[in-house]
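*Asks:* Before anything else, here's the structure in question.
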Amino acid sequence: MRSYKVLTVCLGNICRSPAAQGILEFVASKHSISLALDSAGTAAYHVGNSPDSRSITALKQMGIDISQQKARQVSIADFDSFDWILAMDKENLSDLKKIQPEHSSAKLVMFGEFSEGVALGEISDPYYGGEEGFVHMREHITDVADAFVSHLNPRRER
Ligand code: 4NP
């Protein structure tokens, strides 16, 4: 079975990218695809912290436990250790492009636009809003994760 190393990246690594990591792990486990996942933030504000409790709760409601994740900042080495680096929004993508080494091997893309013909948009930052924003984030990430796994494994049954 082909295996891919995938890093999800947002700003703080406490709301969106830990959720994307957990949801991608869940979606991949239901289909015959092996993903080795991690997540990181472009900023260092929350390094060492657990995910935001609103993200933990929103994912727990779909049977996914992300409570053991710990935030870290993205590193230069990530650009060679991962096959894919998935940015949650345009600002994350732009910040990552600024530090991406010239000949690094990872495919750096916006999560919602990982290939031509797929445009599921930016994952909006729910941090300053209410809990409903985290439910919306969960639904949006699930749609993109399904499409991403189909992209990696196009013959899988949906
Ligand atoms: P995230 O959300 O990038 O999805 O983890 C945020 C978390 C923290 C902050 C901003 C966004 N912050 O400014 O502390």
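A Cβ is built for glycine as well, from the same backbone N, Cα and C atoms used for every other residue.
Automated prediction, rather than curation, is the source of TrEMBL annotations.
Look at TrEMBL and you will find Cys10 tagged as active site, nucleophile. The feature active site is assigned by TrEMBL to Arg16. Annotation comment: TrEMBL describes Asp125 as active site, proton donor. The feature domain 'Phosphotyrosine protein phosphatase I' is assigned by TrEMBL to 4-151.
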*Asks:* Can you tell me the CA-to-CA distance separating Cys10 (active site, nucleophile) and Arg16 (active site), as a whole number of Å?
*Replies:* 6
*Asks:* Mind looking up the mean pLDDT for the domain 'Phosphotyrosine protein phosphatase I' (4-151) in the predicted model?
*Replies:* 96
*Asks:* I'm trying to understand the geometry here, so how far is the Cα atom of Asp125 (active site, proton donor) from the Cα atom of the residue listed as 'active site', in Å to the nearest whole number?
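*Replies:* Roughly 7 Å, rounded to the nearest whole number.
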*Asks:* Per DSSP, what is the helix/strand/coil residue tally across the domain 'Phosphotyrosine protein phosphatase I' (4-151)?
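*Replies:* Grouping H, G, I as helix and E, B as strand yields 61 helix, 24 strand, 63 coil.
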*Asks:* Does anything in the same chain, at least 6 positions from Arg16 (active site), have a Cβ under 8 Å from its Cβ, and if so what?
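*Replies:* Thr8, Cys10, Ser55, Met88, Ile123, Asp125, Pro126, Met137, Ile141 - these are the non-local Cβ neighbours of Arg16 (active site), listed in sequence order.
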